[in-house]
Structure formats: C-alpha cells, structure tokens
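Asker: Structure below; questions to follow.
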Amino acid sequence: NHTVVTYFQFLPFSSTPAIQGSLFCLVLFMYLSTLVGNILIITLTMVDAALHSPMYFFLKNLSFLEIGYTTSTIPKMLVNFLSRKQGISFLGCATQMYVFSLLGITECCLLAAMAYDRYVAICQPLRYQAMMSWGKCFLLAAVSWLIGFLVALGQTTSIFTFPYCGPNKINHFFCDLPPLLKLACAATSKNEITTYIIAVLFIMVPFLLIVVSYVQILHTIFRMPSAGDKRKTFSTCSSHLVVVTLFYGSGIVTYLRPKASFSSSSTKLLSLFYTLISPMMNPLIYSLRNNEVKQALKRLI
C-alpha cells in the first residue's frame, strides 16, 4: 500500500518572503545577464570573420551550452520563488535532470577539447592547421555531445527506475542526483557507486587531460626567451584557464567530496555557483581578457 510519488516539492532557500523576493530579483538579473552575454559571444563568433577559427568555434559551442545549462534549472527556480507550491512533476524532474546532466557532461568534454586546441596552438604551432582542421573540430564537438547524450540517458534512466513512494521534498532548487537518491524507496548504494564512477570518468578524466595540456603549455611558455612573448602567448589561454577553474572547482567540491561532509545549504550555494554564476562570468572573462573579442565587439557596435 505505497503511494507513488508523482510530484516533487523543492524546499525554499528561506521561509522569509522578503528574502525570497530579493533572491528572485538577484537571480533574475544574473540569469538575464548570462543570456545576454552568451548570446553576444555567439553572435560575435558567427558574424566576425576574424573569429572564424577553431578556438572561437569551441567558444561558440561553450556559450550555447551555458545558455542551455542555466535555462534547464533557473526559470523553474524563478517560478518557484513566486509560487506557493514550489515543485515539479515526476516527468518534469526526470527531463530536467537529463538535460542538466547532458549539458554538464558535454561541457566537461568540450573544455578538454578547448585545452587540446590551446596545447596544439602553443606547443605545436607549425602543425596547428593540420592537427586542428575543421573536420577535427567538428569531430571533437560531436564526440563531446555524444558522450553527454549517452551518459545522461543512462544515468537518468537508472535514477528514475527506482520506486519513489514516500517523502517527496527535495532540499534543493532543481532535480539533482544526490538529493533524489535520498528519496528513493530502495537500496541505492550500488547506484551511488556507479554515480561516483561516472563522475570520475567524465568529470575527472577531462580535468586531468586539461591539467596535462596546461603543464605542457606552461613548460613551452617558460622556455620562451622574451617576456613579451610569454605574456602574449599566455593571454591566448588564460581566459580558458579561468573558466575551467570556476567550473571544475565548484563541480568537484559538489560531487566528489565525501558524503559525510554534505550540507544541504552549502550544496545549494555551490550548485548555484556552477549553474548560474560561472555561466554568467564566462562571457565577461572572454571579453575582458581577450583582445580579439574586444576588437570584434567594437566592430559590431
């Protein structure tokens, strides 16, 4: 005589209406800034011929991912700020988790592809045209999307085949994996192990590839005789390095820290960082630290 859960309820950030209203205005402003900034990056890389290169092809894909990444969670969060019934249907929750996982895992792989592009450009400059042809770029992007599609499909299917028959309150602002596992009416230890394996494979492996690429890049830069050449070369990859640090720093702490150290409030704040703050900062990082993007913006204006 179990009751099947058809609706999940999100617990609010605060029970104080004034704080909820302030959070709504702040999150709405940040979300709109994210959309405007990333749409501007996509527009610049499409219309300006100077930005028709592999580096900006990957940047365009990254901005598209960031738009989808934030849109999969933030609009529903904004609606819940103003609604008394803060929640989501069972099917809506599954869809949200799938889209969020798909875009998150794809972004991990795409950031690794961007690091490989910078490695070839700095460490193998004479072979850059051959090694980073447009066919290779499209292949790297397609493989990133394919990995995200397959992993997210398997993970979401696994989570939502569990029976949910009791509590339906999620102490989060979107359907993320750890809080949902807590609500399942079944033993989830095997699934938690599988989740950690997936996280290590598709979060840490791309991260390690990025680290290896940048070790080689920094080694090449330090061997340059001119300080001006060092600064100029490092400026071409510094924006990507900052983006990787923001995205992976919060993601690794959220999903790979020991289970005993989990705190609902800290998890919410960390999740807000990599679902909203990091995507909002990326266009600013690339526009403020990249002369080519700044010149393209001036030409567009």
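The backbone N, Cα and C atoms fix where each Cβ goes, glycine too.
The following feature annotations were taken from TrEMBL:
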type: TRANSMEM; residues: 20-45; note: transmembrane segment
type: DOMAIN; residues: 37-286; note: domain 'G-protein coupled receptors family 1 profile'
type: TRANSMEM; residues: 57-78; note: transmembrane segment
type: TRANSMEM; residues: 98-116; note: transmembrane segment
type: TRANSMEM; residues: 137-154; note: transmembrane segment
type: TRANSMEM; residues: 196-218; note: transmembrane segment
type: TRANSMEM; residues: 239-257; note: transmembrane segment
type: TRANSMEM; residues: 269-288; note: transmembrane segment
Asker: State, in range form, which of 20-45, 57-78, 137-154, 196-218 has the highest count of Cβ pairs under 8 Å to the transmembrane segment (269-288).
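Answerer: By Cβ pairs under 8 Å, 20-45 leads among 20-45, 57-78, 137-154, 196-218.
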Asker: I'd like to know if the transmembrane segment (98-116) touches the transmembrane segment (196-218) in this structure, counting it as a touch only when three or more C-beta pairs sit under 8 Å and are separated by 6 or more positions.
Answerer: yes
Asker: Below 8 angstroms Cβ to Cβ, which residues of this chain, lying six or more residues outside the transmembrane segment (20-45), approach it?
Answerer: 12-14, 51-52, 56-57, 59-60, 63-64, 66-67, 70-71, 74-75, 77-78, 81-82, 276-277, 279-280, 282-284, 286-287, 293, 296-297, 300
Asker: Below 8 angstroms Cβ to Cβ, which residues of this chain, lying six or more residues outside the transmembrane segment (137-154), approach it?
Answerer: 54, 57-58, 61, 98-99, 101-107, 109-110, 113, 116-117, 198, 202
Asker: Let me know the model's mean pLDDT on the domain 'G-protein coupled receptors family 1 profile' (37-286).
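Answerer: On average, pLDDT over the domain 'G-protein coupled receptors family 1 profile' (37-286) sits at 85.
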